[in-house]
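Taking it in order: structure first as structure tokens, then the write-up.
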Amino acid sequence: MSDTTTLTSPAAPAGQAPGRSYRNYGSSLFRRIFVTREMAVIALLAIVIIVASVSVKNFASPITFSYLLLDTTPILLIALPMTLVIITGEIDLSVASMMGLSSVTVGTLTQAGWPIEVAFVVALVVGVIGGALNGFLITVVGLPSLAVTIGTLALYRGLAVGLLGTTAVTDFPKFWTDIAKAKFAATGIPVVIVPFIILAVVFAVLLHFTSFGRGIFAIGLSSEAAAFSGVHVERTKFILFMLTGVVSAFAGIYYTLRFGSARGDNATGLELSVIAAVLLGGVSIFGGRGALHGVIAGVLLIGVLGSALRLANVSSDVINIITGALLVLSVVSTSFLAWARKRRQRRGGTKKTAVSATAG
Amino acid sequence: ATTSSTPAASGAATGGSGNYAITFVPKNLGNAYFDASDKGGAAAITEFGGKYSEVGPATASPDAQVSFINTLTQQQVGGIVISANDPKAIGDSLNEARAAGIKVVTFDSDTDPSYRDIFINQASPEGIAKSQVDQIASQIGDTGEIAILSASANATNQNAWIDLMKADLAKDHPNIKLDEVVYGDDDDQTSFDKTAALLQSHPDLKGIISPTTVGIAAAARYLSTSSSKGKVALTGLGTPNQMRAYIADGTVTSFALWNPADLGYLAAYADKALIDGTITGKSGDKFTAGKLGSFTVGDKGTVLLGDPTVFNKANIDQFNF
Amino acid sequence: MTTSTRATAPAPLPGRPRGTNAVTETLGRFVRARETGILLALLIVILVTTIKNPTFLFSGDGWRDLLLTPSILVLVAIGQAVVIITRSVDLSVGSVLGLSAFLTGKVFVSFPGMPIIAVFLIGLIFGGVLGLVNGVLVAFARVPALVITLGTLYAYRGINVVWAGSGRINASDLPKEFLALGTGQFLSIPFLAIIALVVLIAAGWFMKNIRGGRELYAIGSDPSAANLYGLKVTRRIIFAFVFSGALAGLAGVLYAARYGTVDSQAGTGFELDAVGAAVIGGVAIVGGSGTVWGAAIGAILLLTINRALPILGVPDFWQQAVVGILIIGAIVLDRVLALRQSRRLIKERDASHV
Amino acid sequence: MAITPDSSVPAALELRGVSKAFGAVVALTSANLRVDLNSIHALVGENGAGKSTLVKIVAGLYHRDAGDFLLRGESVDFSSTAESKAAGIAVIYQEPTLFPDLSVTENIFMGRQPTNRFGRIDRKAMKVEALRLFERLAVRIDPDRPAEGLSIADQQIIEIAKAISLDARVLIMDEPTAALSGVEVDRLFAVARSLRDEGRALVFISHRFDEVFSLCDTITVMRDGQYISTDPISEVTVDEIVRRMVGRDVTELFPKQEAAIGDVVLSVEGLTQPGVFTDISFTVRSGEIVGLAGLVGAGRSEVVRAVFGVDPYAAGRVIMSGTAVPKNSPSQAMRLGLALVPEDRRKQGLVLESSVARNATMAIRRSLSKLGLIDSHVENKAAAIWSSRLEVKTNALDAEVGTLSGGNQQKVVLAKWLATNPRLLIIDEPTRGIDVGTKAEVHRLLSQLAGEGMAILMISSELPEVLGVADRVLVMREGRLTAEISRTEATAESVMFAATHSQEHAA
Ligand SMILES: Nc1ncnc2c1ncn2[C@@H]1O[C@H](COP(=O)(O)OP(=O)(O)OP(=O)(O)O)[C@@H](O)[C@H]1O
Ligand SMILES: Nc1ncnc2c1ncn2[C@@H]1O[C@H](COP(=O)(O)OP(=O)(O)OP(=O)(O)O)[C@@H](O)[C@H]1O
Ligand SMILES: [Mg+2]
Ligand SMILES: [Mg+2]
């Protein structure tokens, strides 16, 4: 401990001989990147695509992927903010109802003669308000998010159904309905993928490369410790719920245009698909763990599997069974792998020599 | 095998493809009514040597139907026979299917005419509405309060019938008052609980019309065990198998339905005629549908099956579907 | 008025006069209980609706439906509450209910002479086995229950649809006596309500007074501490899921008896109602606290609101919105009452310090 | 009270050549421990020496990789804590582990509640028994209140009550006194001695040598997961033990440097939160170390939490160099130069499942980011600076903090807050669970930081620490400030008097 004299405040240059030096990582780069839950999902996705291309007739065509993207875009979109919400240890079950409400908002306003662009804006504002209501009840009143969003799931759906009643609004400007379905010529890639990619980049940076994101992970692992470190726990959650609301509203607008139909029951039950995909993508429901690339792969995996099986004339019930089993298997397998690794280490453990940080 | 993203085949079919792979897409699977109708379709397709299959979503939502339609387009089937969950939402995907040369027939529940080649109408809406109103009127003595238990709030056919019933009631049955229309979402439990609520909120209710097979069965089940049994009349559209017990115990006097198997049978033959190029769906086209004889395409590409059958104690045992 | 907070510890305990004090203490505990607020809300709903339309309560069918309608959900919510108390959740209950209901019908179709009691047992055991699958996956794989049961929700439902196809069980397939159970009454109390009440009392007693029950609370309160205590965590978690599954299975049998029609979609969405009922009834979603009584009251409130709305003149289309508002209102009310109580506790502590 | 280490009587508990590794981290290489009945056995060693790991092996929580484990001469192999419990071993773990939602009584008796004939839990008997235990420990805790919200000290006492009530033949206590103050410690020792005299074997782990020497009969020293020595306590001195622990000489003296005391940095005026603390006013100047003393439960932690903005307060003001510190906003407080090292490092100080690097840079993550983005290389570099200065023992910077030993975890918390370069450092129990070498170092560090002009507010339940380090001592009792004593006047007596004055049960 001869170095104790060098203990100075960090304002002093960092170059002075420290007492110890540290390895940055305990395992190799290869292990850190490839032996992860996210990579497992991505690998599985690749395998499913390859197998399906070879064995399922009509699968390996661009049209498969353009349909796939058109169909899964709402889930892809909502999965982004949902991932962040779940990493903080909360959950939002009201997303599909918010899609319905946003859809109905666009429908009623255009029906009443408003310009559709204004209707879009109003729908997004409705999304912000709905998200803020969730956020308010959860962070300010202090209620559990599962309970609150079960309530708003009913409320937002109820408002949507109440507003439109039996009617469905189907008259939308062709310009907009075409955009929702447009593809980049020849490639078959739908245009809606552009806003998704932009949002995906924004959310990935927000989650993985900002101090806000660091706070999100800390909240999920220990919100008390996060609060003691100056993380705005409540504010962060509030923002995330608002983001979820507005992205859900955006997905609702897309849904309306894609199907050219605004109805109160649009997208019913989509929340479970979103959550299933997020969990499949390796996000821990207890919070604190997860990454966006895994989530996107998770959504696509469910989507690709579904379209391959449909093409292979597998009925929708069997597809549901497979989706459910996949979800269970994926989480069980991670804990099984962890268990197996532990066993292996335990057996080999005694022979290893002490590897710890070298004293300076 | 890759196909180009926009199939070259033109929409204006001159037919003759001979591709008799016809797929039925019901509103949802696990629905007895569609089970019966699709069986009729299967019978017809076997008769003319085509390839029958059935796909569909587990719950009745339009977006799920779209995925299936897209898949069928990719699989290059010859024809699609579909009961639409939304008049508009599945339209684009149907048109893409038609652009790929697939012949689209809607049955039971239609889309906008621009999205399909032909609609097989089970019965004329006017006929259905009138038969329902007449039955309830005779059962309650043409006076008193009634209510309607419908399927989902967006069901196109239901809403059309209900509007016609309202008009009919206003015109010919001034003493009958329609208290309320409630929606059981074609779900047993919801319909059941809505029936209970109806009876509670309208103590003077004399009759219920439920123009949906799920709804009428659930309502009958509730009535049969409540103190209103025999006091509140119930009629509507139901299948004989589901209603047999309630006709027998007197909960229900009569109800109506067309034969769903015939509906599917006719739809299959109509699709064959389109595939063959015998018809194109314009008004006045004629085709023969096996044992059902010959039919003429009417206004807006609609083919009418015929009048519904009214079931009562006397005739119910002759039917099994 | 009570002896709570920082007790004057070694003070002789048994010196307390029995009569009045015990009564006030029980009363005090009741007033402070988390379930009280929600019970109050339920009574208000019933009262207001009855004033608007007396037949809501004072008519044969009204009284019967008040008790009958929530009975099935009460059963499922009891099981759900037990699972949530152990810091898990069982989203597969709706699918288990559906499968069990369909099985019930199939049993009667295949073996028309089957005694009704045997069908009940079959339903219980069948549900228990499905719950066992959940429990084993959750407890051994140490995977969050929400994920596992979301998976089995899909899987069980899928099995149901594959099995049932487009088939359905109609009332005419079921024996008369069995159907009579679904709506019949004993001393003007429906059988279903009696079954639910018996299960409720048994479960409530178990959770409060038996070691196994208390250990469920402990596990939910802090699983790692439960491990350090040497509690049989795995076994208890499996038990909770088997219990929830068995009750969902029983509920499936009762569903068949009550509704008479069962298709492959029976029980869809029940999971959210059950979780909602438990949460509304004060069962903390993070485990460790709440009672099955609360969950049962929550279930009754949820369904009674549903039935009251049309009577109160809320148009059909707006009812779901009102239900949403009421759910939120109920949990906010619960929260406000809890806050008030903790504030009161602090005040009492201050007073005792002086 | 003769100690017979090599008698033919089998030891109550014996471990020979035990090893244990967690992945690449080797916690124990060859640990020995032999505990006799009728004795209290001290187990000492630096942070991370492997004491707690050894305890957990005995408790059946971990399985040893190699070595022998004998109980009364017979080889045993526990695969769960239930088995060790059944074999007569009770353990108080280093970190209290209670069920927050359950009542204090239920916490004590969970899993073995008294029942009547029908298996129904006999609540009354249970409560009477709990009150009896508390009486024996001379504490006042409401047996019906939930464990949620209890202070660490009270939690520790419940752990002790729980262990005693097990009536075990072997009682192992892993730093039970770390959170306790004088009175409770004395009481605990009286109970421990009476248990010994009843013929039981006790193992006592502590970093406080005065306690070890006053209580124990035998002492075993461990270093780096290895057995070093076992001696009767009367035959060794503190200096010798310390030398064996760290492998060289250490002075336990607190090297207080004189620092120029400057302007007022923090001033707190009339801070009040009903039921917790009342009318608290004090100042801290730059270069000054202010000690905040008092019995456990006096409300010291609550005051500093309110100052930092984690807890609310009803009335009063907090002023930092003339600027008002807004209520309920730790991040604003941090911006104004406050730092708080909280008392409960596992819940409040650290995100246990996160890496050393993430934790160490948690409080400076905003200043580390460029254009709003954080680079993990920058993060690692920043984390390494303070970790290395405090000699944090870790395998790599991405190791989960939860896998570090208690003392090393505390160092990470210190690193995290020193990295913010605060003007006022509030530090709640700075050396709880820290070994002697590091402790002296922390004190030197505090002194040095003060010398550089930092203002320091230190809460400590250890009187020698307060007296040795502080320039000025504030004393709290039952939520009120009762005395302010300058360094020259501060003695053990004067501080204790202010802390306990007018308390009936004061020792
Ligand atoms: N679960 C674990 N996973 C990985 N490493 C661990 C784990 N538990 C302990 N260790 C490591 O084992 C070593 C010994 O830790 P242990 O907690 O036994 O030390 P200790 O002597 O009790 O220290 P202290 O006095 O600080 O409490 C440390 O290096 C620690 O990091
Ligand atoms: N068992 C209890 N019952 C009720 N209130 C309690 C109990 N224990 C603590 N409190 C409240 O919490 C306050 C502070 O407790 P705490 O032990 O955290 O104080 P502290 O002086 O910061 O102790 P420490 O030495 O651990 O830092 C007390 O003043 C008291 O009001
Ligand atoms: Mg330790
Ligand atoms: Mg404290």
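In case you wondered, yes, glycine gets a Cβ from its N, Cα and C as well.
As the structure is a computational prediction, the values presented were derived from the model and not from experiment.
Annotation comment: TrEMBL describes C:1-21 as region 'Disordered'. Feature annotation from TrEMBL assigns transmembrane segment to C:38-59, C:66-85, C:91-109, C:116-140, C:146-165, C:186-207, C:237-257, C:278-305, C:317-337.
Beyond the ends of the transmembrane segment (C:317-337), by six or more residues, the same chain brings 34, 36-38, 41, 276, 279-280, 282, 298, 301-302, 305-306, 309-310 to within a C-beta distance below 8 angstroms of the stretch. Ranked by the number of CB pairs under 8 Å to the transmembrane segment (C:116-140), the listed stretches C:66-85, C:146-165, C:237-257, C:278-305 are led by C:237-257.
Between the transmembrane segment (C:237-257) and the stretches C:38-59, C:66-85, C:186-207, Cβ pairs under 8 Å are most numerous for C:66-85. The largest share of C-beta pairs under 8 angstroms with the transmembrane segment (C:91-109) comes from C:146-165, of the ranges C:38-59, C:146-165, C:278-305. By number of Cβ pairs under 8 Å, the transmembrane segment (C:66-85) is matched best by C:278-305 from the list C:38-59, C:146-165, C:186-207, C:278-305.
Each of C:38-59, C:146-165, C:278-305 was scored by its Cβ pairs under 8 Å to the transmembrane segment (C:186-207), and the highest score goes to C:278-305.
Here the transmembrane segment (C:278-305) has Cβ contacts under 8 Å with residues 34-35, 37-39, 41-42, 45-46, 66, 69-70, 73-74, 76-78, 80-82, 84-89, 196, 200, 203-204, 207-208, 217-222, 322-323, 326-327, 330-331, 334 of the same chain, all six or more residues outside its ends.
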